[in-house]
Amino acid sequence: MRIGVLTAGGDCPGLNAVIRSVVHRALTGHDDEVIGFEDGFKGLLDGHFRPLDLNAVSGILARGGTILGSARLERNRLREAAESAPDLARQYGIDVLIPIGGEGTLTAARMLSDAGMPVVGVPKTIDNDISSTDRTFGFDTAVGVATEAMDRLKTTAESHQRVMVVEVMGRHAGWIALESGMAGGAHGICLPERPFQVDDLVKMVEERFARGKKFAVICVAEGAHPAEGSMDYKKGEIDQFGHERFQGIGNQLAVELERRLGKEARPVILGHVQRGGTPTAYDRVLATRFGWHAVEAAHRGQFGRMTALRGTNVEMVPLAEAVTQLKTVPEDRIREAESVF
Ligand code: F6P
């Protein structure tokens, strides 16, 4: 079997572990050949690819990013890819394409699959917001980075009696804010799922100072927003690539809290630091399992599906099911977190 693999969308720690696992399983478990398309679907359309053998994937398990490069594809080029899907498969002689990516990539994968290309998807995103899989790799790494940042910020916040507003990633779902907020012992979290009241945060900080704890850390997801009328707030805008560009809720909230509290507040935007660097052991293992299962699914002819973690098992679920709606944080998970603020 000849397998094509690509990584698309935003990068994520663990992508290289999937590529490595696909190559190992394909070459040593079967007698397959693997080619890697460069820069996501662009490589598929433009004919940029290279053969991947065991040496090509040696030493990449612990490396962040992706050796294949990644890119987001404009909608018209995506349509172009879907229209020529069966021809592309024939042109490269691939029996299956394994695209590794987030919501956008999996939607594209579904389009290619519907158009007749044999596809087995592998989900990835640090946001952990893909439905149908309990976890995506990259998330554990991002939560670890944000947790460590909060641990560090607490000591400087305490020394200066400041309020630290830590902005983490999470456009539509607040999983990173929820779990790093809990693990990092934040005193408040703001998630996209539930508009926050600035009054509640002010009250929380005042109560802490009144009982002698003269600092606070608030963890806010980049996609969180205040409740209507809670504070003046500049919304995100859609950029030239069709992505929402937020106006920095962390900055805006820090300014507002400083004004209302009369205490120093500092914003810390963690940004792409959460996506870079070496994946955790958990993410390496999950990514490796996904790679193994993707190759096995291809050999069983389970196309139009993606790998998914269900409990402790990796299962194959229809791509159609995976991309219908995002997995957001349910209210009971927010209540659990709030109990320890
Ligand atoms: O979806 C993953 C993610 O890291 C989001 O959390 C974040 O909003 C977005 O990608 C950032 O995208 P870009 O790398 O294009 O700035």
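A Cβ is built for glycine as well, from the same backbone N, Cα and C atoms used for every other residue.
TrEMBL labels come from automatic prediction, so no person has curated them.
TrEMBL lists Arg72, Leu73, Gly102, Glu103, Gly104, Thr105 as binding ATP, and of Gly4, Gly10, Gly14, Gly170 the one it places in that same site is Gly10.
Neighbour counts of Cβ atoms within 10 Å were taken for the binding-site residues Glu103, Asp127; the minimum is at Glu103. The record gives Gly10, Arg72, Leu73, Gly102, Glu103, Gly104, Thr105 for ATP. Within 8 Å of the mean position of their Cβ atoms, the other Cβ atoms in that chain belong to Ala8, Gly9, Gly40, Gly101, Thr107, Ala108. It is Met169 that, of the binding-site residues Leu73, Met169, Val273, has its Cβ surrounded by the most other Cβ atoms within 10 Å. For ligand 1, the nearby binding-site residues are Gly10, Thr125; that is, of Gly10, Leu73, Gly104, Thr105, Thr125, these have a C-beta under 6 Å from one of its atoms.
In terms of Cα distance, the binding-site residues that sit within 10 Å of Gly102 (ATP binding site) are Asp127, chosen from Asp127, Met169, Arg171, Arg266, Val273, Arg275. Model confidence over the domain 'Phosphofructokinase' (2-297) stands at 94, taken as the mean pLDDT rounded to a whole number.
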